[in-house]
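Working notes, beginning with the structure itself.
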Amino acid sequence: MSEARRGIFPFSKIKLMLASPEDIRSWSHGEVKRPETLNYRTLKPEKDGLFCAKIFGPIKDYECLCGKYRGKRYEGKICEKCGVEVTTSYVRRQRFGHIELAAPVVHIWFLKSTPSKIGTLLNLTSRDVERVAYFESYLVIEYPNEEEEEKFEKDEHTIPLNDGISTKWVKLHVVNEEEFEEKYAFTIDEKYEHGMGAEILKEVLSKLDLDAYSRKLKEIVKPYSIGFEDLGKEIEQKYKNLYQKLIKVIADDFRAYGVEIKGLEDHGLSLEQAIHRILNEELYLNVETGEISLEDCGDSCLTGRDALKEYYERVREHKKDIPIFEKIKEDIRSTVLREISEARIRKALRTLQLVEGFKKSGNRPEWMILEVLPVLPPELRPLVALDGGRFATSDLNDFYRRVINRNNRLKRLIELNAPDIIIRNEKRMLQEAVDALIDNGKRGNPVKQNGRPLKSLADYLKGKQGRFRQNLLGKRVDYSGRSVIVVGPELQMHQCGLPKIMALELFKPFVYRRLEEKGYATSIKHAKRLVEQKTPEVWECLEEVVKEHPVLLNRAPTLHRPSIQAFEPVLVEGKAIQLHPLVCPPFNADFDGDQMAVHVPLGIEAQLESYILMLSTQNVLSPAHGKPLTMPSQDMVLGTYYITHDPIPGRKGEGKAFGTFEEVLKALELGHVDIHAKIKVKVGNEWIETTPGRVLFNSIMPEGQPFVNKTLDKKGLSKLITELYIRVGNEETVKFLDRVKELGFLRSTLAGISIGVEDLQVPKAKKKIIEEALKKTEEIWNQYVQGIITNKERYNRIIDVWSEATNLVSKAMFEEIEKSKRIENGKEYPGTFNPIYMMAISGARGNRDQIRQLAGMRGLMAKHSGEFIETPIISNFREGLSVLEYFISTYGARKGLADTALKTAFAGYLTRRLVDVAQDITITERDCGTVKGFEMEPIVEAGEERVPLKDRIFGRVLAEDVKDPYTGEIIARRNEVIDEKLAEKITKAGIEKVRVRSPLTCEAKHGVCAMCYGWDLSQRKIVSVGEAVGIIAAQSIGEPGTQLTMRTFHIGGAATAQKVQSFVKAESDGKVKFYNVKLIVNRKGEKINISKDAAIGIVDEEGRLLERHTIPYGARILVEEGQEVKAETKLADWDPFNTYIIAEVGGKVELRDIILDVTVREERDPITGKTASVISFMRPRDAMLHTPRIAVITEDGKEYIYDLPVNAILNIPPEKISLEWRVCPTCSESEETTIQHQYYVVKDLEVQPGDILARIPKETAKVRDIVGGLPRVEELFEARKPKNPAILSEIDGYVKIYEDADEVIIFNPRTGETAKYSIKKDELILVRHGQFVKKGQKITETKVAEIDGQVRIKGRGFKVIVYNPETGLQREYFVPKGKFLLVKEGDFVKAGDQLTDGTPVPEEILRIKGIEELEKFLLKEVQMVYKLQGVDINDKHFEIIIKQMLKKVRIIDPGDSRFLVGEEVDKEELEEEIQRIKLEGGKLPKAEPVLVGITRAALSTRSWISAASFQETTRVLTDASVEGKIDELRGLKENVIIGNIIPAGTGVDEYREVDVIPAEEKVLEEKKEPKEGS
């Protein structure tokens, strides 16, 4: 916090520390010795009690307790009689007392936090420390003898104690009574010390030698970060064994890759010894020849690590097939990690962090044990007398009473020399009493009263009702009121109607002042009386005061910034606030009983800011997406739609021509021309054919705007408003909006539009459509009964039929409505004037779906699970529903209500986490000057462009020049802002990727710079410094979440299943281009694609890509490469309900491991009696023992193997399949007895390329709404691992697939011989399951088949190996059975490509592909969830949240920094540390980026105040106090909490220097001066 922003506080940072006993005593004003509170007769506080006036101060202002001194003149005097200081009673809120504890007590927060702080320091488990603290066990300290000292020092489990003379390493044992009696009770020697309770813990903690401890722990964790760069003498001395192993790794690698070091025999050395001596710089290596020598032999002789690396690189230049040197480095790292137990290092790191925390902060460990307990000031734990002589008290008083009682009893027992066991029990009870006071229920059962747990100090801080969230972050304020809202159509947009009675109350002080100024009242008291009597003068003054004094209106829930706006009040009669109809959408307000709150900004600055920044006219555009928020709706839309409707032929005045708008309006007013007549009017120099209605609309347009000659619906209006905003600016647009409101209301009223049952026309074609659909479903049932399709397919197809039928009915209905003429008021109108139709089409109310339900058919309904009920509701609301249909309908309605309730809370919590993680991001500077940028490309999902490039780059700043890819001319320069025109220009030039500046790459030290952020979308200009963009981002993402979850219930659960896409058409003319398309031709001569990632593109003459569509595996391709096509040409089609397994070659078919009731179940359908063979494992074991496959063997004997995943259905004609009993070698072997199975066998079945071998039915159609989407958003933001994670390749390379099994069996069916081979973990199996092998054929690299026969493998799954021949790197992945492989043997994959199905894990993407790819992935995934719902949110908001998720790095090698290995620190902190070390010239730390979920990111923020007010208050405060954390007060939350001006908006340093002097006061001051002199 800078000097300027300190405001009223004499500090700029806040540090949290442990309080030492001396501190506590120094705060205290006296010791509380008695548990009494007030005297019940006199109601005066008892002396030395919990409310003692002597300790805490007087009860009445300036009056001592006995009444001897009264009045301000005695201030500061201490009464001799009662000992009370005469001062204000306010000190009772400030003065602490204290209790001297008779025995030390452990502070429960440091005992029971996970992991326990005391436990971590003493190297004991948390349970052990607890047992000692609660007198269940003894703590025995074992000191070393002289001969044991070195052993103890090396032992990991010892801790250093310093007795003031020297440091000794000791062991701690926690033993129970019996063990203690047995082993230690009678040993008198100095070797053991023992004790119980907090005393012994305090003793040990106070003796702890932190420096020695820290040194030892650093040694333990050091080897964790050893890499090739660290090898040398230094490491050897400390870690001999490890060093030897690492040398062996290097030697082994050198041998394996044939890198030889020459001259070993001459020196009598082994390779290991030579490498050892080179690393220790005792030998020289000639990197040219590979000779070793004892002397330096010139330039080409090197020694140490560099010699080995350099020599290896030279050898690799000649031998390309050996891996790059990175491979050796990797081997060294993996050996280090293998040798060192991770858990041990983690534990040491935790302890080290804690020890370092104590060292840096200046806290002492023994302060975690309390000797003195502070007592809260009495006003903060009040005791109030109720009527009837009862008292209401704060729970804390009960706790303090119990502590004092127990403490006094303990003192008495100690004085009486009571038996040890009694004293121990009393000490335990004291410990428990203090625990309950600090954190009730943290250990054991909470202390209750009348069955309610009492609230302890911790409870007063944490949770929604705690101090932080209830009283510091959200306060109730004065000068506010709330009332119901009603519509105020005659208001202007910047006004609101404020009830007079409310205004009088809100503006009271202003009214008093005005009454005095005008001489109506002589004093404030007099003014008060006038206001109470409500005299006419009062109303006059109120009018003057309210004029031009803005008020803030707020509607809860306040989901985003526009939920609070400023208005100028207009005084109205009645008791309801009047709201302008245009500002309803941003508030999400309607007038069915909503309430709103009014707040009065008091200061002149506050009023100014309300006017300039918060006035409703300044909030036309949404900060989330930059489109208008303040929009005409309902009647206003309907009115404008009605008057701008297409002309109706044959109306009065048709064909007339008018010279000016005025003439048209005059004629319209006099009734000479009908509002929908076709007329001509002169605009500028040309004649335009239009209608009087459209002229009327254009007459309210701002001057100089082009003539709008089209029907305007809601979308059209929105677009128009945006265009006007760009062209004429804010002020004119607002005036126009107000005129639209007037016109819309007026015209929709005059049109007399209303709805009647007659307007709902049930289409005549409905009956036929339904009959057709029923016929189709019957056919599908028949196919199912004959066994042609499975139950799942039947379901999918029926759903499809009904979706289509619903769409047809709805289409027919709209067509009929449009065609049927109407007679209104004796005039004939076309069908498009049907009121219901107009309302829906114009976007005024309702939508096509709702009309379809009213007059078409309700259609399919969804179940709770999200599937559709396959019998649709055929009736509509006009015809009425049958009982069954009504019953089915209730489903959806209930689901809607239940969802709403649950999801609102969920969305609210998501918003809260987002706000917390991003709250401290503000715009801190104009330009950070970075050259980095973020690459933007259109978002493409399933082959279609979901978000075009121009929408993504609009409002951003370019990070580099944009050149035309064809001409090379520069279209736009770096640091230019992209507006709509430029965005359009860039996309027209055929540019696919643009690098823009982004918050993700911004290099501003704190927050983000204005250039990287780009436009403030609500103002359409570069964002100003000080804007709280983090909060805006969080609200923009959170608000639609809440909105959408609330919206489910409006549709009433009638689901519209998307008709499944089963083909793709060209959208534009051009040439066909194939991407990765692999074709085979099937029996029918059709071209079938068998590539997994194929796409078809359309390019124009110059070869620019116009569109691109992904084509699934098994699709039929209908065009040739290079073919010229017109738009709407079908390019490919496929079966949307199944995935196929297709024979890619022709040949004979063999079935392998397809065994009845083991790997195949015959699904006999109860209804159809037909069976389908479905792959599924009957027992989990079968999945290990068998792998069902189909093999196709070509004429030249090559095998093509197709694995059958679970749920695959065999597509082989039943007559070709027979069952045979055979011995199953794998089962027989595992059960150790002969077991036979029924195998499926195929007799001479030939297939041709393109034949379908099996099909896998797809998941059933489900209803998609954001409810499914919100958990996905949460999963992404919390960086959770998805349910079904995909396996990604870590390197580029070629795929090899091997079986993964413990053993291979070869079985000869003729002789019945079997041979078993057990397979080691890292051996690769070279044969496939079911393959025939000859004797002598290799099974693995080392094992050979001893007999002819068929291979049986007990597979667990597959080993997929990715090998890169160029670098020599390889990675292997285990793919379990049941996971679907997306790659085939021999495919080339890139790093980060998916090898299996599933959702990629964000952390993997970060590790493999790096930060930018991860950012792209997260951004696209989250955007898609919202886009599916049609919610528009600008990328920059997501980028800010993602920036916060990636702000941490993990230290791999600390170098000379203050960090520890494995510690997660902010990038900023790392940067600061690197700068410091560069100046001092030390070794720089190394770090890797980490991805942190939003909850963790919010908790690990640098500000402890902000973290504590978010979640897990206790833990945050405990950690912060131990480390002595300093809060720099940079973010918004921490400043709100301490009551400071927040560092955003006008609270930024830049603006704080400016002073505002109101003009009036200046004048008054000048006038006053001569007065004083006169």
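Cβ atoms here come from the backbone N, Cα and C positions, even for glycine.
According to Swiss-Prot:
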BINDING   CYS64, CYS66, CYS79, CYS82  Zn(2+) 1 binding site
BINDING   ASP590, ASP592, ASP594  Mg(2+) binding site
BINDING   CYS928, CYS1002, CYS1009, CYS1012  Zn(2+) 2 binding site
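Features per Swiss-Prot, on structure.
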| residue | record | contacts (Cβ under 8 Å, 6+ apart) |
| --- | --- | --- |
| CYS64 | Zn(2+) 1 binding site | ALA53, PRO58, ARG70, CYS79, LYS81, CYS82, VAL84, GLU85, VAL86 |
| CYS66 | Zn(2+) 1 binding site | CYS79, LYS81, CYS82, VAL84 |
| ASP592 | Mg(2+) binding site | none |
| ASP594 | Mg(2+) binding site | VAL484, ILE485, ARG555 |
| CYS928 | Zn(2+) 2 binding site | CYS1002, GLU1003, ALA1004, CYS1009, MET1011, CYS1012 |
Densest Cβ neighbourhood among CYS79, CYS82, CYS1002, CYS1009 (binding-site residues), 10 Å radius: CYS1002
CYS64, CYS66, CYS79, CYS82 excluded, remaining Cβ within 8 Å of their centroid (Zn(2+) 1): LEU65, GLY67, LYS68, TYR69, GLU80, LYS81, GLY83, VAL84
Number of other Cβ atoms within 10 Å of the Cβ of CYS1012 (Zn(2+) 2 binding site) across all protein chains: 31
Neighbouring C-beta atoms (10 Å sphere around the C-beta of ASP590 (Mg(2+) binding site)): 11
Neighbours of CYS928, CYS1002, CYS1009, CYS1012 excl. site residues, C-beta within 8 Å of centre, Zn(2+) 2: GLU925, ASP927, THR930, ARG997, PRO999, THR1001, GLU1003, ALA1004, VAL1008, ALA1010, MET1011, TYR1013
8 Å Cβ shell about ASP590, ASP592, ASP594 centroid, Mg(2+) site members excluded: ILE485, ALA589, PHE591, GLY593
For CYS79 (Zn(2+) 1 binding site), the three-state class that DSSP assigns: coil
Structural state of ASP594 (Mg(2+) binding site), classified by DSSP into three states: coil
